[in-house]
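> Pasting the relevant annotations from TrEMBL:
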- 87-507: domain 'Major facilitator superfamily (MFS) profile' (DOMAIN)
- 12-31: transmembrane segment (TRANSMEM)
- 139-158: transmembrane segment (TRANSMEM)
- 170-191: transmembrane segment (TRANSMEM)
- 197-217: transmembrane segment (TRANSMEM)
- 224-246: transmembrane segment (TRANSMEM)
- 252-271: transmembrane segment (TRANSMEM)
- 337-355: transmembrane segment (TRANSMEM)
- 367-388: transmembrane segment (TRANSMEM)
Amino acid sequence: MKFEDLLLEIGGFGRFQILILFVLCLARINLPMHFLLHSFLAATPSHHCAIPHQEAFVNLTMEEILLISIPREPDGTFRSCEMFSQPQFHLLLNSSLQPENDSVIQNCQHGWVYDHSQFTSTISTQWDLVCEQRGLNQATATFFFIGVTIGAVVFGYLSDRFGRKSMLMLSLVFSVIFGMLSAASVSYSMLAITRTLTGMALSGLSLIVLPLGMEWVDIEHRTFSGVLTSIFWSIGNMLLALIAYMVREWHWLLVTVTGPCLLSIIYLWWVPESARWLIANGKVKQAHKHLLRCARMNGMKDFALSPEALRTITTDKKPGESYSYISLFRTPVLRKISLCSGAVWFGVAFSYYGMSMKLTGFGLNMYLSQFVFGIIEIPAKIIVYVLVNRIGRRQSQAWSLILTGLCIGANIIIPKPFTSLRSVVATMGKGLSEAAFTTVFLYTSELYPTVLRQNGMGYTSFVARLGGALAPLVFLLDEVWRSLPEVTYCGVAVCCGSVAFLLPETLNVRLPEGIEDIE
């Protein structure tokens, strides 16, 4: 007897499953508010070198002081990282006569002055993470995703070993603790450490929510539950734009996006442990209790299966036997799935976060870009819901990622003055990248057997977070060639999307329980 047969007896998608999905979806809103926070937390406003006061400046306006103290770029704007070693008073007579001798130009000596019209403060303005320190600013996102990467390995293993729900609650508790400590950071080092630990904690929430929900629903509604869960990511995406617009001070921004995790701890107490996991681990009495509760809520009062009968539910796991990440590579078919799905996850995350962290240059302000990027994801997910059931998971996965790369590549060619066209192409690319992300979550949870599902999700999430950690650092390649970051995102997306063609199709296939089902 398979677990899917049991679900038909207790109701595979009734009131019980709808409530579970709704509660888990609410918790998922927390994720994008932290995962995409870097764009606002570490935003760098326009700035220039601080100019020490001199008596010769008494009768000059601020504009004239800047004119004689800061060299200009070819487009007429003042440079952000350089100043004149001595005031160039002759520029007051003819500002077009910029000094040709670089010896009179030096790096900023007295700090920087920032434009606070858009942000009260960010970590860039707090610790002067500009110019030579620009790399540390981008590294803040990398530290966070390094934490997420480590957390994926830890929570992937622990949730297969000790259960989905207990690890989900542990994840949220630590998310609140480290999130609040991040907001209280008094140095860059403290912020880097606490953001890394926050990422590690939130990784459990990211990893467990979708499989826990899907392990309670039948085959027919599996796609719907995966897409519904993903839609709440987009809602969190849009909420982040609104919160960041209202809260312009980085300490309070961190407090505001961490607070909902505390609420999640309260309402997630109601969610039961996965009955699939309980049966696979020999905990049939607990599984029986949850199954009876499910049957009652779904109106299946005739359900009367005994705890002993649950032991006949077929899994490939023997009592006391445990699996590890090494198990993902021991058998040939599972090895191929693991290698290919890892490559796909890397490409999906690398391109998604590369697009999500570049909110300027498309003709919209960053808050509107964030909101538009969030709202375009919802129709993208609805299209995914139709496509994965019509053309299958494999084709949907491959083409959504390949087309994401082509949209990124198209914006390299489109001239900067064509802001409307660039905005449309960027929005299409963002929608496609989210379609790829939605599909890969659903697809991966169907590829691995129950006894290894969280290990599989942990491994692929680990690879994805490597992509997420590298994505912000790629922006630094613009010093080599202005278009090199976009070329990199484009190439990786197209190559990794092509790898998806090597994965097996899972449309209308039962969730595998054991390794033998895969092989």
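Every residue gets a Cβ built from N, Cα and C, even glycine.
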> How about long-range neighbours of the transmembrane segment (224-246): same chain, 6 or more residues beyond its ends, C-beta under 8 Å?
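Non-local partners: 13, 17, 21, 24-26, 28-33, 36-37, 40, 209-210, 213-214, 217, 253, 256-257, 367-368, 370-371, 373-375, 377-378, 381-382, 384-385, 434, 437-438, 441-442, 445.
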> Does the transmembrane segment (197-217) make contact with the transmembrane segment (337-355) through 3 or more Cβ pairs under 8 Å, each pair 6 or more apart in sequence?
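When sequence-distant Cβ pairs are counted, the transmembrane segment (337-355) does not touch the transmembrane segment (197-217), since fewer than 3 lie under 8 Å.
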> Suppose you look only at the domain 'Major facilitator superfamily (MFS) profile' (87-507); what would the mean pLDDT be?
86
